[in-house]
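**Q** Okay, handing you the structure first.
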Amino acid sequence: MTKTNISPGMQQYLDIKKDYPDAFLLFRMGDFYELFYEDAVKAAQLLEIGLTSRNKNAENPIPMAGVPHHSAQQYIDVLIELGYKVAVAEQMEDPKQAVGVVKREVVQVITPGTVVDSAKPDSANNFLVAVDFDGCRYGLAYMDVSTGEFCVTDLADFTSVRSEIQNLKAKEVLLGFDLSEEEQTILVKQMNLLLSYEETVYEDKSLIDGQLTTVELTAAGKLLQYVHKTQMRELSHLQALVHYEIKDYLQMSYATKSSLDLVENARTNKKHGSLYWLLDETKTAMGMRLLRSWIDRPLVSKEAILERQEIIQVFLNAFIERTDLSNSLKGVYDIERLSSRVSFGKANPKDLLQLGYTLAQVPYIKAILESFDSPCVDKLVNDIDSLPELEYLIRTAIDPDAPATISEGSIIRTGFDERLDHYRKVMREGTGWIADIEAKERQESGINNLKIDYNKKDGYYFHVTNSNLSLVPEHFFRKATLKNSERYGTAELAKIEGQMLEAREESSSLEYDIFMCIRAQVETYINRLQKLAKTLATVDVLQSLAVVAETNHYIRPQFNDNHVITIQEGRHAVVEKVMGVQEYIPNSISFDQQTSIQLITGPNMSGKSTYMRQLALTVIMAQMGSFVAADHVDLPLFDAIFTRIGAADDLISGQSTFMVEMMEANQAIKRASDNSLILFDELGRGTATYDGMALAQAIIEYIHDRVGAKTIFATHYHELTDLSTKLTSLVNVHVATLEKDGDVTFLHKIAEGPADKSYGIHVAKIAGLPKSLLKRADEVLTRLETQSRSTEIMSVPPQVESSSAVRQGQLSLFGDDEKAHEIRQALEAIDVMNMTPFQAMTTLYELKKLL
């Protein structure tokens with residue numbers, strides 16, 4: 001678009017826009033933020049606002065769109081949610097006093113990863129992630145700008161990087177190196193991330209001091225540089241950098257967490273129906289965030305787990321005190337977010353009042369915790385800093401009825417500042433003085449309807465109608481003439497008016513200065529406030545887990561070093577909550593020291609997947625320190641959980657169900673140790689029957705012989721149950737059924753041994769398929785069951801056909817032709833017992849080429 005004959009104001013816009021080409025520029029002009037040129041056209045479509053033009057009569061009018069400054073945040077939120085950046089340019093001087101073009105500067109760049117203010121506040125974290133690469137390992141740092149949380153780690157490969165980004169649910173990733181086109185596609189198209197780039201490392205190392213690798217230091221430094229560059233201010237609320245290792249937590253991929261519905265239901269993408277939903281009896285926003293973090297990252301340290309358990313047990317044993325604690329926590333606001341608003345210079349009077357109300361609750365919370373009289377709880381008590389001096393400052397300084405905005409006045413309490421009280425007295429008494437003057441002049445002049453009015457142009461004046469002009473005293477002076485009246489002033493009235501105007505102006509200015517001073521004082525307490533926030537969040541999560549344990553009759557799990565799993569009458573905690581205790585059928589799970597694999601058979605809808613998820617959730621709950629849904633639980637400490645439960649194509653990256661299965665299986669067998677838990681449901685169903693069966697067997701054997709992880713493998717391939725005769729650490733279990741008078745009842749109970757039938761047609765019957773179709777399926781099943789297992793049935797004609805007709809519909813693999821001989825030789829050369837699953841898959845594909 002041609003940009004000729006540009007006015008000075010528009011030239012200023014273009015100069016600023018040049019520095020922010022990848023962002024929408026909101027350009028403050030009076031009471032509006034304006035957008036121009038391409039920004040205006042695009043924003044009008046995205047925000048559904050009017051598109052107009054500047055200099056409409058010009059040859060090339062400039063597209064323009066705008067939003068009111070007081071409601072701009074909701075429009076910014078929309079753009080950020082859509083994955084865009086927004087640069088906010090403010091007027092840096094009073095337009096009335098400006099000479100020439102009003103000075104404007106960008107004061108903040110808001111991006112999906114740096115949101116602090118929002119018209120729709122969310123208690124969840126919003127992480128900005130930075131990734132760097134040194135040619136060998138990846139450094140990954142993340143920060144929540146709204147809370148100050150700041151962490152860093154290093155990772156071995158891009159798959160781990162991708163998984164960690166997904167686990168953090170980041171919306172923006174900052175890169176300090178060039179990604180391959182494939183990796184960019186994964187991040188942008190598959191994970192819907194905004195990619196930003198930063199090459200400069202933040203110079204001040206004070207925030208990133210510590211024992212870090214070079215690549216970790218670089219990632220953290222570039223993250224800091226980007227945040228300072230976009231926020232354009234010192235961020236006093238940023239917390240000390242925390243180094244963490246993935247191995248210090250129970251490792252789970254994003255796919256595993258999703259399949260287990262840990263923080264949201266995978267089908268609805270809502271919190272309801274997730275483990276997070278079940279366990280959330282928190283009372284604070286900080287507690288909600290910490291609970292989610294505990295679910296995301298269960299512990300592997302037995303000592304740390306037992307410490308949490310002990311406090312939960314203490315809370316469970318003291319119902320009255322715990323109830324008082326929960327009620328007190330309801331009065332605690334989001335200290336972390338309030339601290340960040342103070343740091344950003346955006347805290348308003350309501351924010352400080354919320355901080356004050358929170359601090360007023362802290363002594364009560366501390367006293368309740370002391371009343372538990374427990375050494376483990378005393379550690380929390382000792383970490384609680386009540387900050388009484390800050391609470392006193394806010395309570396005595398800020399009026400409890402103060403408005404949300406600073407400009408409205410009435411912020412500071414009466415009695416806090418003598419000068420402010422004086423000005424307020426002048427304004428308050430000035431109204432009485434004016435009433436006295438009005439009464440006096442009415443009596444002395446004899447003008448019965450004489451009154452004093454006010455407007456911005458003339459100030460205070462006497463209103464005299466034309467019929468009374470002859471009675472106007474000599475000391476009155478004319479201020480304005482109207483059609484039917486005159487406006488007059490007096491020296492006395494002018495003096496009072498001057499005093500009142502001075503008091504109003506001085507009061508407004510002084511009150512603003514006092515508030516700024518108080519906010520600056522609050523900022524000096526940010527580090528102590530953040531430590532208090534962490535302690536209160538921990539207390540909140542622990543009381544939440546105690547409430548959930550009591551409500552749902554959970555028990556305290558035990559841990560062993562013998563690699564034994566014992567779960568008596570265990571329940572899937574979330575399913576039980578949804579169904580109700582009376583409806584749910586519990587199942588025991590047992591792995592002795594020798595057993596590493598349970599091969600579970602049984603029909604769909606019978607409860608195999610629920611059984612596997614039950615074990616995973618029990619492990620996760622136990623290792624996050626929670627009590628669990630069972631009569632008795634004794635577990636080893638797991639280092640990782642790998643799952644493949646439920647079929648799902650990866651449509652965005654174009655990967656089929658089978659490919660996704662193989663990739664997840666690959667991750668499991670490569671990364672799992674003998675301290676891991678593997679849960680595979682119907683692995684191999686995404687390909688031809690024999691391909692799938694061969695791969696399933698090869699994977700089972702590989703896990704058995706080389707990995708040694710505790711594994712539950714659910715399958716419809718009943719032939720695999722024979723593996724128990726040669727794999728000493730594999731046992732068969734099945735879902736029990738009851739057959740009576742041709743009807744089948746799924747008992748949803750796990751029993752020893754293999755299933756004798758799959759009951760697929762019965763499941764179809766439950767699903768309501770037509771009777772004629774079910775009858776035909778019975779015929780086909782009967783015929784198939786009479787055939788040799790080595791023969792793949794391509795089609796089975798209805799009713800009874802000759803055996804020759806059947807053979808005509810079969811594919812012969814072992815005929816006398818030359819190609820069949822070649823295939824037979826290839827098959828005989830395969831060493832099945834020593835093949836990896838992926839060697840098996842490759843071999844099968846090569847065999848297919850020979851057909």
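The backbone N, Cα and C atoms fix where each Cβ goes, and this holds for glycine too.
Pulled these features from Swiss-Prot for this protein:
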BINDING   GLY602, PRO603, ASN604, MET605, SER606, GLY607, LYS608, SER609  ATP binding site
**Q** Quick one: give me the count of other CB atoms within 10 A of the CB of GLY602 (ATP binding site).
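**A** There are 26 of them.
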**Q** So for GLY607 (ATP binding site), how many other CB atoms are inside 10 Å of its CB?
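**A** Around the Cβ of GLY607 (ATP binding site), 23 other Cβ atoms lie within 10 Å.
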**Q** Mind telling me which of the binding-site residues ASN604, SER606, SER609 has the densest Cβ neighbourhood, counting other Cβ atoms within 10 Å?
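**A** By the 10 Å Cβ neighbour count, SER606 comes out on top.
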**Q** Identify, in sequence order, the residues in the chain of LYS608 (ATP binding site) that are 6 or more apart from it along the sequence and have a CB within less than 8 Å of its CB; answer 'none' if there are none.
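**A** LYS608 (ATP binding site) has long-range Cβ partners ILE600, GLY602, ASP681, ALA714, VAL735.
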**Q** Let me know how many other Cβ atoms fall within 10 Å of the Cβ of PRO603 (ATP binding site).
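**A** Summing over all protein chains shown, PRO603 (ATP binding site) has 22 other Cβ atoms within 10 Å.
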**Q** With DSSP assignments reduced to helix, strand and coil, which class does ASN604 (ATP binding site) get?
**A** coil
**Q** According to DSSP, collapsed to three classes, what secondary structure does SER609 (ATP binding site) have?
**A** helix
